[in-house]
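Here's what TrEMBL has on this protein:
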type: DOMAIN; residues: 28-219; note: domain 'TLC'
type: TRANSMEM; residues: 6-25; note: transmembrane segment
type: TRANSMEM; residues: 37-60; note: transmembrane segment
type: TRANSMEM; residues: 72-94; note: transmembrane segment
type: TRANSMEM; residues: 163-183; note: transmembrane segment
type: TRANSMEM; residues: 189-214; note: transmembrane segment
Amino acid sequence: MENSMIVVGGFSFLWCGLYFGLCFMKPSRSNEWHCRTVTAVHAIVVCLLSLWCAFVQGPWPFTDAGGPSTPLQSLTIMICLGYFIFDLSWCLYFQTEGLPMLFHHLCSILGMTVGTVTGQYGTEMIATIFGSEITNPILQFRWFLREEGKYNSVLGEIVDASFMFLFGFFRIGIGSYLLYSYFKQDTDFLGRLGAVVIYGISWMFWINIVTYAIKKHKRTRKHEKMHKKQDSKNNVFLSNGEPHSCISNGRKSVETQSSINGSITNKDQFLIQRFINYKYSNN
């Protein structure tokens, strides 16, 4: 147990070292930029390790959960636990997160600490880590786009849609089936309690995501309606011309020009009238 927690402390030190190294190499970037970079790196690392644990090494979490952790599972959990200790410390120091995220971090740290100390629950924790972290790189990329002023674009829409789909698919869809299969297996009370807590947190985040998506859709529809209304007004304005702003000489010139050149569109007529107004006002 003591050796395991020393290893966890070592991984926390490594994540801190990566963060401070980024701060030193790129001082022009904000502290949150560097922290989110570390978060993305951590998510990629633990997702790859979790995939190897589940699909190559085993055991399979949908049928063989509740047993002792394998060495690779224990290593993955300790890497993840070390990161969460670093990230929680960072969030508390800079006070960037609200209570839901802090509660999520505390529950994750508590669960992984139990798994590290007891040497149990590795299979189900690996599945939980993968489902929780698979969407994290996309979430960080979304934040980077916002910082660079490139979020309000087609790429930003793709990132939002991808994040929402993957979150719903893995944490709600697959997560629901995993919880169901976990209760059907020979698992103990502590493991089931942790599974229910993490599953409940996933639903809390999912409700926030769906609420945000609905509000964003409504804002987009409202913006589109305003644009259509404005375009409609502009079309009426162009079709009627500028009768009050055009002087009589300008209007006669336009009519003469129209008779010479044949049919002229309303938009062309409007532009010609503006040119004549400008010319006569200068004279």
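Yeah, the Cβs are placed from backbone N, Cα and C, and that goes for glycine too.
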Study note, to complete from the structure: Long-range CB partners for the transmembrane segment (189-214) (under 8 A, at least six residues beyond its ends), listed in sequence order, are 65-66, 100, 103-104, 107-108, 111, 114, 120-121, 124, 128, 132, 160, 163-164, 167-168, 171-172, 175-176, 178-179, 182-183
Check your understanding: So which residues does the transmembrane segment (37-60) touch in its own chain, when a touch means Cβ under 8 Å and the partner is 6 or more beyond its ends?
Key -> 15, 18-19, 22, 67, 70, 72-73, 75-76, 79-80, 83, 86-87, 122-123, 126-127, 129-130, 133-134, 136-137, 140-141
Point to revise | Integer mean pLDDT for the domain 'TLC' (28-219) | key: 93
